[in-house]
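Here's what TrEMBL has on this protein:
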{"type": "ACT_SITE", "residues": "Asp52", "note": "active site, nucleophile"}
{"type": "DOMAIN", "residues": "43-185", "note": "domain 'Pseudouridine synthase II N-terminal'"}
{"type": "DOMAIN", "residues": "186-225", "note": "domain 'tRNA pseudouridylate synthase B C-terminal'"}
Amino acid sequence: MTDEDLLSGQIILLDKPLEWTSFQAVNKLKYKLKSEFNLPKKFKIGHAGTLDPRATGLLIVCTGKFTKIIPEIQDAPKEYFTEIKIGVQTESYDTEKPEILQQDISEITEKQITETLPKFLGEIDQKPPIFSAIKIEGNRAYDLARAGKEVEMKSRKTNINYIKDISIELPFVRFTVGCSKGTYIRSLAHDIGQELGVGAYLTNLRRTKIGDYTIENASSQYLENDYKFENFNK
């Protein structure tokens, strides 16, 4: 890969590590590219679709002319490996907040779970978590929630295209979900728990696919301090 390649346009697939923000991952990549290549100060680079810090997996980064197709990539369907814990909830619908409202799951069967999951296929109404980046009257919902203010989230339409590869080891349920842009898997986990009547929250999330781009072709090596781009394949 050369300076001209990057300036003209490249698509780089990152495997975002746990606890990194998408912004941090792109900034680290940008720093490494600038340290190895002769790039201008206003080098065009951006990512197509944010991942929460507690999620890992596919983060698509575009440079040069390919930054123009970022909206197109963002609109593409997504796929996630998902793990939820049933019988307990958190305010954030994930591991950010401590567990609350523990309930007995001794009567929950695998059959109940496998019959519940298909109820969420197709177009569904979904309320985003209050701990999300959605803006409410100019303020981020998570800022309002962390300040202890009451947050009312409006439901929105989203599509769950498939739920497959279901594995159950109570209290954990694991599956792969394909969904449309704007789907909150945290909300899906919460809603599954509500449907089962015992609560649930998201314990592990890994994005494995965006459109035709897959995690198998992504790497976290680009973010390592000793990685060199001389063997990078376009």
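Counting starts with 1 at the first residue shown.
Cβ coordinates are placed from backbone N, Cα and C, and glycine is handled just like the others.
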Averaged pLDDT, computed only over the residues in the domain 'tRNA pseudouridylate synthase B C-terminal' (186-225): 94
Conformational class of Asp52 (active site, nucleophile) under the three-state DSSP mapping: coil
